[in-house]
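Feature annotations, courtesy of TrEMBL:
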TRANSMEM  12-38  transmembrane segment
DOMAIN    13-297  domain 'ABC transmembrane type-1'
TRANSMEM  44-61  transmembrane segment
TRANSMEM  130-148  transmembrane segment
TRANSMEM  154-172  transmembrane segment
TRANSMEM  231-258  transmembrane segment
TRANSMEM  264-283  transmembrane segment
DOMAIN    326-560  domain 'ABC transporter'
REGION    553-576  region 'Disordered'
Ligand SMILES: Nc1ncnc2c1ncn2[C@@H]1O[C@H](COP(=O)(O)OP(=O)(O)OP(=O)(O)O)[C@@H](O)[C@H]1O
């Protein structure tokens, strides 16, 4: 984690310097004040003390200025590091795989709290110990110069308060820190799951159990936090005890030295107040050390996201040449080593302007094909060429500009219809937005309507149509436009709406290259080709009319109708 802050090294060094200056100024202020009071007590003329008086004022001011500078510089460096870390995490998430691997609430915690822990480490765990080291050495040197046993006593006190107590606090805080980080993740996972699934939980009467889970996670976190606070209190108490013991020890040593005549009375006051001030240097360390356990646990969770192997290779920055559409050969994909092939040797051609329907039973690999085309995953074997260029060899965003559409579960953002549409084309004029809404059968006057979280204020049909409108809005890049990949655009719609949406969709996309993944077999007459996928392999391909005459899943599905369509089919059966 510290390595992440390396680019901000000079700023952190300046922060350490400013922190050390602030602490040194605080100690020096007390030392000079002690000398001033003790010397003034000896009734010297006040003018002889003018330098010390000015020094006291200067130290008082410079202490505040240096502390301010330290806070500004270290927080600035830490926040810049944090934004670098966040950018890396978001970039990693854009490669999609962690999104599928982690639960939503857990991922939110990793993104927010665990990333924030980096700041905790840099601001509290890095700068204060280094500043303490620099100032502590200086203070011990001054004390030793005044009285060797006093200096040694102070060194021992500072080592105990600045090293032994923080080490003990770090050891004692390791397990609670881990539990605290895990507890925070458990609470937000339970909360987000409950909020997302609230309608279903209410419908099945499972809400009280879900709330009980949230309460249990909350109670566990509170318990751990309370123990954490106790630990912090113990650390602060131990520091105060050590400070008191060192002060008394120094005083006794100093008084003995004054009686022996080896130390004058004025340096005695300086020595004792130096010891008192010196513990300001190590005071923040036990608290910071006790937090190291949770910082380490948060760092491990953060690197869990950053180290998740990507499902695709981002590719170098070079645009693909314009050309002959999509050409897939021998495509094989699986979701993990040893898992069955979701796609197992698929060939598919979609020349510009051609419309291909991909159908097949549930789990046959249709959405996996869409995921490869949207560049959410890379092929494990085989090739996908778009206009002559291998899609894995060009940046994912370049491919997504030429292959666009609607994933199986499109997301609507809690904003207006206009803003949801502009996601696809930020510079689209209202006239374009109205026209695309009309094309998918939505009222063009809806532009300013708030759709609610995940489009909750729209009907299911309207949500689907809005997502379709967004897919259709992507600017065309050639005559046939970008290849449109629509993954079940009519799912969740009632049969009448489904037919109407498909009709509107096919009319609105006339002349455009398209892959339509669907379970609506009746409406495919306007498609140029139908490809039937079964168990990740192409079992039949042809025009809708040809397939209607061939035995197999397509003909069975058509005769069974929308309600009776077979969900699965045996892999080796004669009806493939
Ligand atoms: N994220 C994932 N992790 C692991 N396996 C997955 C994942 N997504 C899909 N699969 C598996 O890959 C296979 C193909 O799934 P896919 O979603 O592509 O099928 P589909 O034809 O789109 O199904 P449906 O018509 O039900 O949407 C299935 O066996 C499925 O269990």
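For all residues, glycine too, the Cβ spot is worked out from N, Cα and C.
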Long-range Cβ neighbours of the transmembrane segment (264-283) (under 8 Å; 6 or more residues past either end): 23, 26-27, 29-31, 33-35, 37-39, 42, 131-132, 135-136, 139-140, 142-143, 146-147, 150, 153-154, 157-158, 161-162, 165-166, 236, 239, 242-243, 246-247, 250-251, 254-255, 257-258
Recorded stretch that, among 12-38, 130-148, 231-258, has the most CB pairs under 8 Å to the transmembrane segment (154-172): 231-258
Per-residue pLDDT averaged over the domain 'ABC transporter' (326-560), given as an integer: 84
